[in-house]
Amino acid sequence: MGSGCSSPSISLTTIATSHFQSQESLSNSLNFYSPTRFLEPHLLKSSKIFIPKSPLKCAKVPEMQTQLEDSAKPIVDPHDIDSKLVQKLANDALVWCPLRGLLVGDRNSERSGTIPGVDMVHAPVALIPMSFPESHWKQACEVAPIFNELVDRVSQDGEFLQQSLSRTRKADPFTSRLLEIHSKMLEINKLEEIRLGLHRSDYMLDEQTKLLLQIELNTISSSFPGLSCLVSELHRSLLQQYREDIASDPNRIPANNAVNQFAEALAKAWNEYGDPRAVIIFVVQAEERNMYDQHWLSASLRERHQVTTIRKTLAEIDALGELQQDGTLVVDGQAVAVIYFRAGYAPSDYHSESEWKARLLMEQSRAVKCPSISYHLAGSKKIQQELAKPNVLERFLENKDDIAKLRKCFAGLWSLDESDIVKDAIERPELYVMKPQREGGGNNIYGEDVRGALLKLQKEGTGSDAAYILMQRIFPKISHSILMREGISHKEETISELGIYGTYLRNKTEVLINQQAGYLMRTKVSSSDEGGVAAGFAVLDSIYLV
């Protein structure tokens, strides 16, 4: 979660927020989990993969189907739930989580991130889903395939990536190393004939403008496809059990099948690679308390698609990996069909040259990368800012309606060489967020720190400003929620961020998959600027459509 709320909504006079006419109303019937799907939701038999007729065809998000006339009413305000009921909800959730696998490693245990099954605790969760407007839910789902296609097209424009990041390269060593690998692939004309994207586009709903605005588009290590599904099921279970007390309809929580849709895309890419003996390798961190989210995906691949997965760190891949003459990547004696990154997105993942050697080795191979180096760069903050400039989307997309739908989601984004914006940010820092080229929580700069950072960069005058962008600060509605972490629940004033997953796969002749693929809802205390769950700022949540 990248943009916090510390004051009532404030509009930016420097931002043009154009409204576009809505498209035709969307057709009927969302797919919801039925009661019969409750026991083993992640490992149900796969349905046929949806193959769109056109790469840019938007997913149609249908109307809700419920049996209750009053089902569109907002869920009860958690602030009004008495303490006895809160305790019942918490106790039932504490039993449900270990039974269903809604778990993370205990941050107080040294072994919890390295040894599976040891020192587990429930994932941090909200006990009641967050109300969310159905119209904005549909909007976010509808643009997911367009963003998928945009990432693919941007990734194929090496000149655009290199030029857009040229100043950033000089100011940010991490981006420079990524661009170095990208340049080497361009020099040898390395073509990715099979391209796989597992993305997540994160949004906040601005309270004053009522616009759904994009925080960022993640193209590497889009986390929580496994646990997010379980939170939706937990909330449906609790609302069903306490339906009379809470007076809500569990069917207003939309189906969330992200983990199986991720598995479908990975399995289809594995199949396209064409070697039934090859494996999918998960590139992971040496210590990973969120390993169970990853293991849910491995389980879905094994149970639904009979695909074997292995887990290796970048250092292990350097030590055990080799590239055969035909481009086959072999790690620890096993041929690799697909490389799925759950690490490698931050400088802290590269402890030495060993990790960089592993990244280059994988990029040189003919294995399908998720993401490739070009997909990784296409998701950088600087590229997000470049795409928000006038007439840049037109370089990659032809359909005017698609372009309008994406622009409607864009918040204000600026480089630090725009002097008028920098001046305004120094005068009114509360209206901006300063973002470095980093993934994961805890990196952004807020409030008075924005002014201090900008003045420092101006004084230094070394070009270090190219390592950052400025973004409009979004001020979402403050809502009440009940948050539970480490067995302790408490009511809080909170804000939320919606992430929409997308899956994209194409070979050299056609797009095989391009669709919205579930969601992630994260909720945090409204006074907190940052919002990553794994970083300890937020909890997992689900949405209740109103």
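The backbone N, Cα and C atoms fix where each Cβ goes, glycine too.
Swiss-Prot lists 1-63 with the feature transit peptide, giving sequence analysis as the kind of evidence.
Around the Cβ of A343 (substrate binding site), a 10 Å sphere holds 20 further Cβ atoms from the protein chains shown. Taken from Swiss-Prot, the feature substrate binding site applies to R200, 220-223, 288-290, Q294, 342-345, R522, 533-534, supported by similarity to another entry.
Per Swiss-Prot, the feature Mg(2+) binding site maps to E216, N218, E439; the stated evidence is similarity to another entry. Taken residue by residue with DSSP, N218 (Mg(2+) binding site) is part of a strand.
Annotated ATP binding site per Swiss-Prot: E216, K381, 435-444, Y446, 471-474, E497, K524, E530, in sequence order, evidence recorded as similarity to another entry.
For the pair N218 (Mg(2+) binding site) and P436 (ATP binding site), the Cα-Cα distance reads 14 Å. Closest in space to R473 (ATP binding site), of the binding-site residues given as E216, S221, Q294, A343, is E216, taking the CA atom of each residue. Here the C-alpha separation of S223 (substrate binding site) and E216 (Mg(2+) binding site) works out to 14 Å. The Cβ of S223 has fewer other Cβ atoms within 10 Å than any other of the binding-site residues S221, S223. Nearest neighbour of E216 (Mg(2+) binding site) by Cα distance, taken over the binding-site residues A343, P436, K524: P436. Y345 (substrate binding site) falls outside any helix or strand according to DSSP and counts as coil.
Checking Cα-Cα distances from P436 (ATP binding site) against the binding-site residues (R200, S221, A343, Y345) with a 10 Å cut-off leaves nothing; none qualify.
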